[in-house]
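Features as listed in TrEMBL:
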type	residues	note
ACT_SITE	Glu192	active site, proton donor
ACT_SITE	Glu386	active site, proton acceptor
BINDING	Asp59, His99, Asp107, Lys301, His306, Thr348, Asn387, Ala388, Arg426	substrate binding site
Amino acid sequence: MQAPTPLSENEKMLANYVPVYVMLPLEVVTVDNVLENKDGLEKQLKELRAAGVDGVMGDVWWGIVESKGPKQYDWNAYRSLFELVQLCGLKIQAIMSFHQCGGNVGDAVNIHLPQWVLDIGESDPDIFYTNRTGNRNKEYLTIGADNQPLFGGRTAVEIYSDYMQSFRDNMSDFLDAGLVIDIEVGLGPAGELRYPSYPSSQGWVFPGIGEFQCYDKYLKAEFLEAATSAGHPEWELPDNAGEYNDTPESTEFFGSNGTYLTEKGKFFLTWYSNKLLGHGDQILEEANKIFLGYKVKLAAKVSGIHWWYKSDSHAAELTAGYYNLQDRDGYRPIARMLSRHYAILNFTCLEMRDSEQSASAKSGPQELVQQVLSGGWRENIEVAGENALARYDRSGYNQILLNARPNGVNKDGPPKLKMSGVTYLRLSDDLLEAKNFSIFKTFVKKMHADQDYCPDPNKYNSPIVPLEKSKPKIPIEDILEATKPMVPFPFNKETDMSVGGGGLSDLLGSLINRITSIFK
C-alpha cells in the first residue's frame, strides 16, 4: 500500500484558512423588489474580491419576494443580484429572512412581513409574539402558529417550506454552479433562533432584561396543556418577571432565590426553551428535505446576548429562550439539535471584549463566545460567526481573529480549533473608506493565515458535499442531556495573527487616507 503524499508547507498552512464573507446592505434589493444602483454595487463587490474576500451574505426577504399574495413569488431582483455576485467571483450565503427588518439595532430600512400576512393579523393578532401586557410584535410569527392552519389553510411552517421550495426551484442554476454555499434559515427576529424579547420598537434599551414572549392564545393554550400533563393545571405563565428595562434584582422572578429556581420556574423555562428547540428542529428538517442532494450547507443563527451573563439568573438570555445558567448549558442542546441536520451554528458578538462593556450590565461576551463555540465543537458541528456591531479598529478585528482560531495557527496542518467561516457586518461606504479598508484587507489576510485567496473550500474546510438527509429525530431527553455543563475549551488570551497596530500603522493609515482624499 502506497504511503500518503506528505502535505506541502503551503497545504499545511491552508488548513488554517478561515474564509471571510461580508454582509450585504439590508436594502440591496429595495422594498419595491428592485436591484438598484447595480453599477455601484458591482464596483463595491469587485473591491471586496480584490481584497481577498471569499463571498457575501445576503437577506432574501420574505416580505419582498412573496409580497403580492400567497405563493405569488417574484425572484427577478434576487436573480439579478446573484448573477452580479457570480460575475464578481464571490460566493453567497443566502438568508431565508422570514422576519421583519426595522425595529432592531442597525436596521436602516423597514421591510415588513408580507401585507397579506399582516392582514390576517388584523383579525387574529395572536399570530404574533405577545408579551404579558398584550403588546404584539410583528417582527416574526409566533411559534404558536407553527402548526396552525391560519394562513389560507397553510400553517406557518408550510409557508416557510413553500418559500424555500420556490427559492430552490428558481435558483437551482446558482445552486448547481456552487455559487450558494450556505442556506441560513431564519428562525426568529433578526433571523435568529430566539424570542423577540428585547424589541427597541417597544421601548427596550440596553441593558434591559427583556420580557418573555409567550402570551398569545396559542402558546398560552400549549403551556396549559403541558402544565396539566405534568399534574399542575394551576400553573400559569410568569407574572412577576418585570418589564423590558428592569434589572434582574428588581424582579421577583430573576432576583436572589427568585422564581426561576423553583420547580414551577424550572418547568416554565424548560418548556419555553424547548419550544424554541422544537421550532428550529422542525423548520430545519423541512429545509433539509428541500435542499437534499445539493452541495450546500444549512445554517442557523444564535444571538449573542452577553448582558447579564455574569449575573446568577442570566435574565436576558432566559427571556430570549436560552435557558443558560451556571449549572445548565443553554447552548449545547441547540448545537445537538443542529447536528442532526448537518447545520452550521452561526454565532454573533465575536468582536466584543469584556473590558469594553459597562460593568453595571454584568456583561461577559468573551466567556459567552467561548461557551457557545465550545458547545458546537463538542457536538461535532461547524461553527461560524459574525460581529454584532460595525467595527473598523484593530482590537475588534484581533478579537474576531482570536475566536476564529482560539488556540492559534498550526504550522503542521489543521489547527486544534477553527471556525468554519466569519461574516463581517457589513458592506458600507465607511468600510470602503481608505484607512478602514486598508486595515480590513490586513484582517482578511490574517483570517486566511497569511495565505493567498483560495477559491476551493475543499482545501481548507470540511468539503462541501451533497446535503445528506436529516438523521432520525433526537429524543428530547437526549437533547436535554447536553444541558450538563462542561468546562469550555481553553482560548488563548491574544491572537497569534494580529492585524498589528500602534502609532506607525495609524500614521501610515492617516497618510494613505490624506493622499486618497487629495486625488478623489
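Each residue, glycine too, has its Cβ placed from N, Cα and C.
Shown on the structure are the features that TrEMBL records.
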residue : record                       : Cβ contacts under 8 Å, 6 or more apart
Asp59   : substrate binding site       : Leu24, Leu26, Ile95, Ser97, Cys101, Gly191
Glu192  : active site, proton donor    : Lys301, Val302, Ser303, Thr348
His306  : substrate binding site       : Cys349, Met352, Gln357, Ser363, Gly364, Pro365, Leu368
Glu386  : active site, proton acceptor : Met23, Asn346, Phe347, Thr348, Leu350, Val422, Thr423, Tyr424, Leu425
Asn387  : substrate binding site       : Thr348, Cys349, Leu350, Glu351, Gly396, Ile400, Tyr424, Leu425
Arg426  : substrate binding site       : Val22, Met23, Leu24, Pro25, Leu26, Ala390
